[in-house]
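One structure is given below, encoded as C-alpha cells.
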Amino acid sequence: MVNTYSSAIVNNFDFAKLRTWKDGLSFTKLFSRLFAKREMRILMVGLDAAGKTTILYKLKLGEIVTTIPTIGFNVETVEYKNISFTVWDVGGQDKIRPLWRHYFQNTQGLIFVVDSNDRDRVVEARDELHRMLNEDELRDAVLLVFANKQDLPNAMNAAEITDKLGLHSLRQRHWYIQSTCATSGEGLYEGLDWLSNNIASKA
C-alpha cells in the first residue's frame, strides 16, 4: 500500500529551498569562523627594564604609562583585528625569573623583549631565552622577539640581535624578530600580525 500522504509531502517539498538553506548555513559557519574573535594566550618576558610593561599598555591603551619595575605580573586582554590576545607581562628581575615557568602552561606565543641598547646584558638575555625554550611546556609556542628601544642612538639593529641571541640555531621553532619602539608604538602591531598568522597556522 502506498502512503499517499507521505508521497505528497515528498512531491511538494521544495528541495531547492533546502539546498539554499544548507548553503546559507554553511556560509554562516564560514563567516563565523572568519570573523569570530579568536583567543590567544601570549606570554611576554625579558630582562628587567626591557620595556615589557610599556609595550603592554601601549597596545592596551594606545598611550605611554608611567611604569615601575614589575614585581609579579600584569595581565591584560588586547583586542586587535579579530584576535583577542591575553597577554601576561611577567617581571624580569633576576630573582623573579625562576617564577617564569609557572606561566608557561597553555602558552601559544612567547614574546621576548630585548633592550636593544643594553649591550652589556645581551648574553644574559640569550641565556634566559634559550633556557626557557628548552622547557617542554613551550615546545609548541611560536617565538616573537621585540628588539625594543630602536629610537636610542646606540641600539643594536635586528640583525645584530638575531646573531647575539643565537636565533638561527632555533631550527625547530617558528620565530621572528621585529624592531620596535614601545614609546611610539612602532613595530608593535606588525609583531602582533605575525603572531596571529603563525599561531592560527598551527591551530
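Cβ atoms here come from the backbone N, Cα and C positions, even for glycine.
Going by what TrEMBL states, the GTP site holds GLY46, LEU47, ASP48, ALA49, ALA50, GLY51, LYS52, THR53, ASN148, LYS149, GLN150, ASP151, and the candidate of GLY92, GLY109 recorded there is GLY92. For the recorded site, THR53 (Mg(2+) binding site), the DSSP three-state label reads helix. On a Cα basis, THR70 (Mg(2+) binding site) lies 7 Å away from GLY92 (GTP binding site). Secondary structure from DSSP puts ASP151 (GTP binding site) in coil.
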